[in-house]
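Visitor: Swiss-Prot lists these features:
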TOPO_DOM  1-14  topological domain 'Mitochondrial intermembrane'
TRANSMEM  15-45  transmembrane segment
TRANSMEM  60-87  transmembrane segment
TOPO_DOM  88-227  topological domain 'Mitochondrial intermembrane'
BINDING   H161, C196, C200, M207  Cu cation A1 binding site
BINDING   C196, E198, C200, H204  Cu cation A2 binding site
BINDING   E198  Mg(2+) binding site
MOD_RES   Y218  phosphotyrosine
Amino acid sequence: MAYPMQLGFQDATSPIMEELLHFHDHTLMIVFLISSLVLYIISLMLTTKLTHTSTMDAQEVETVWTILPAIILIMIALPSLRILYMMDEINNPSLTVKTMGHQWYWSYEYTDYEDLSFDSYMIPTSELKPGELRLLEVDNRVVLPMEMTIRMLISSEDVLHSWAVPSLGLKTDAIPGRLNQTTLMSTRPGLFYGQCSEICGSNHSFMPIVLELVPLKYFEKWSASML
């Protein structure tokens, strides 16, 4: 969950998000080192009285500034590709949920059950209870089992939307006429909030997403009560 004045990411709740956090730290360190080197060279150029006006050719320098950036790019690309493949890999999901975007609400269908579907609308500010979050609470939460692989099928009934839950490392476009898929697995129970992340009209900011991750036995009780 995000909090005021937050400068970093939300706490990771899935293996994918943990990998993304490690990759961010890895890349940020490389950027920091490069920036420090560039600032150091600039400061030397501004303060030193030594100049090299007669240098016409420097093969060694050209070799270094060609090979070194290539190595740095490889160091960034390899872990990035690894995470991309991990995000696309879906092996034997335990549950499939179909998500449809609308202007301006979400519809969910548990395809493994015969008749388990519902719409999820934002609760207006005037109807919020004490302790509930403004513009983030919904009338029907998406209840899912924790520590299980879940496949999300995502599409749209009208315009472009984007189904995003930051703490799970999820962001998948909802495109009319196209069915995208992603996978999620939570390592701990709790409420996890997200929002539509694609400008979709005047009420774009009123399309929250709330996932309630619970142990399997509680999910089974909930699904039985919904049928």
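Even glycines carry a Cβ here, placed using N, Cα and C.
Neighbours and distances for these, please.
Guide: Here the topological domain 'Mitochondrial intermembrane' (1-14) has long-range neighbours at 20-21, 24, 166-170, 184-188, 190-193, 213, meaning same-chain residues at least 6 beyond its ends whose C-beta is under 8 angstroms from one of its own.
Here the transmembrane segment (60-87) has long-range neighbours at 15-16, 19-20, 22-23, 26-27, 30, 34, 169, 182-183, meaning same-chain residues at least 6 beyond its ends whose C-beta is under 8 angstroms from one of its own.
Of all Cβ atoms in the protein chains displayed, 25 besides its own lie within 10 Å of the Cβ of C196 (Cu cation A1 binding site).
Under a cutoff of 8 A between CB atoms, and with a sequence separation of 6+ in the same chain, the neighbours of H204 (Cu cation A2 binding site) are W104, C196, E198.
DSSP assigns Y218 (phosphotyrosine) to a helical segment in the three-state reduction.
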Visitor: In the same chain, which residues outside the set C196, E198, C200, H204 have their CB within 8 A of the centroid of the CB atoms that define the Cu cation A2 site?
Guide: G101, W104, V159, L160, H161, S162, S197, I199, G201, M207
Visitor: Does DSSP give H204 (Cu cation A2 binding site) helix, strand or coil?
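Guide: It is helical.
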Visitor: In the same chain, outside H161, C196, C200, M207, whose C-beta lies within 8 angstroms of the Cβ mean position for the Cu cation A1 site?
Guide: G101, Q103, W104, W106, S162, A174, Q195, S197, E198, G201, H204
Visitor: Tell me the Cβ contacts of C200 (Cu cation A1 binding site) under 8 Å, same chain only and six or more apart in sequence, or just say none.
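Guide: Same-chain residues close to C200 (Cu cation A1 binding site) (Cβ under 8 Å, separated by 6 or more) are G101, Q103, W104, V159, L160, H161, M207.
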Visitor: Just going by other Cβ atoms within 10 Å, which of the binding-site residues H161, E198 has the emptiest spot?
Guide: E198
Visitor: For a quick check of packing: other C-beta atoms within 10 Å of the C-beta of M207 (Cu cation A1 binding site), how many?
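Guide: So the number of other Cβ atoms within 10 Å of M207 (Cu cation A1 binding site) is 27.
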